[in-house]
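Peer 1: Structure below; questions to follow.
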Amino acid sequence: MLPSSIQPCSWILLLLLVNSSLLWKNVASFPMCAMRNGRCFMSFEDTFELAGSLSHNISIEVSELFNEFEKHYSNVSGLRDKSPMRCNTSFLPTPENKEQARLTHYAALLKSGAMILDAWESPLDDLVSELSTIKNVPDIIISKATDIKKKINAVRNGVNALMSTMLQNGDEEKKNPAWFLQSDNEDARIHSLYGMISCLDNDFKKVDIYLNVLKCYMLKIDNC
């Protein structure tokens, strides 16, 4: 059973602040909340519309970051080896594609998105920190990674707040895996960062799918 369609969504204010800081590039429009007694109220339908739009743009930006990193370090030996990459989220029981997501209950799908986002909280900090230590890394790559981290953090806060409001399940213990990048070998660190960005790219494609499937569910959109 879904909760009331109109709820106070304080996290929306955070996302709107993100937008005002020009972090919401390519989002043409977004719903505004209604103010009542100094509190922000927004329908869950509009909330998912907002989250779906933002997640899609982040997914595109992560793919761009991955392509730029791969192109810049294409001369590093073995960088593009197609051996299976084991990501920090590989153990999470989450839907692998859109078809599976469509068959997943909305509550479980929302939890899946939250699990992936939570699993990236510390690794995103490590990613931005380690990128700045690599020799000759372009400023644009560091800038994009920093920008993406801020946006993903906003989405994570929003999804967790939304999950708490919709599912009313309280805080659950989080077991977030670590990602170790320590190495004195420059090429080894580049390989690790490449794998890390590749995993982030794959994982955020999943988050994008989940939030947009949820948006279609909430808005009752067919053939989405």
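The chain as shown is numbered from 1 upward.
Glycine too: its Cβ is placed from the backbone N, Cα and C atoms.
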Peer 1: Can you tell which of Cys199, Cys216, Cys224 Swiss-Prot lists as bonded to Cys87 through a disulfide?
Peer 2: Cys199
Peer 1: If you have Swiss-Prot open, could you say which of Cys40, Cys224 makes the disulfide with Cys216?
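Peer 2: Its disulfide partner, as Swiss-Prot records it, is Cys224.
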Peer 1: Which of Cys87, Cys216 has the fewest nearby Cβ atoms, counting only those within 10 Å, among these disulfide-bonded residues?
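Peer 2: The disulfide-bonded residues Cys87, Cys216 were compared, and Cys216 has the fewest Cβ atoms within 10 Å.
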Peer 1: Could you measure between Asn75 (N-linked glycosylation site) and Cys199 (disulfide bond) for me? Cα positions, answer in whole angstrom.
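Peer 2: Each residue's Cα considered, Asn75 (N-linked glycosylation site) and Cys199 (disulfide bond) end up 21 Å apart.
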Peer 1: Given Asn88 (N-linked glycosylation site) and Cys224 (disulfide bond), what distance in Å do their CA atoms have, once rounded to a whole number?
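Peer 2: So the alpha carbons of Asn88 (N-linked glycosylation site) and Cys224 (disulfide bond) sit roughly 30 Å from each other.
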Peer 1: Please work out the number of neighbouring Cβ atoms within 10 Å of the Cβ of Asn57 (N-linked glycosylation site), leaving out its own Cβ.
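Peer 2: Other Cβ atoms within 10 Å of Asn57 (N-linked glycosylation site): 17.
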Peer 1: Judged by the number of other CB atoms within 10 angstroms, which among Cys199, Cys224 is the least packed of the disulfide-bonded residues?
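Peer 2: Counting other Cβ atoms within 10 Å of each of the disulfide-bonded residues Cys199, Cys224, the minimum falls on Cys224.
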Peer 1: Please report the distance from the Cα of Cys216 (disulfide bond) to the Cα of Cys199 (disulfide bond), rounded to the nearest angstrom.
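Peer 2: Rounded to the nearest whole number, the Cα-Cα distance is 26 Å.
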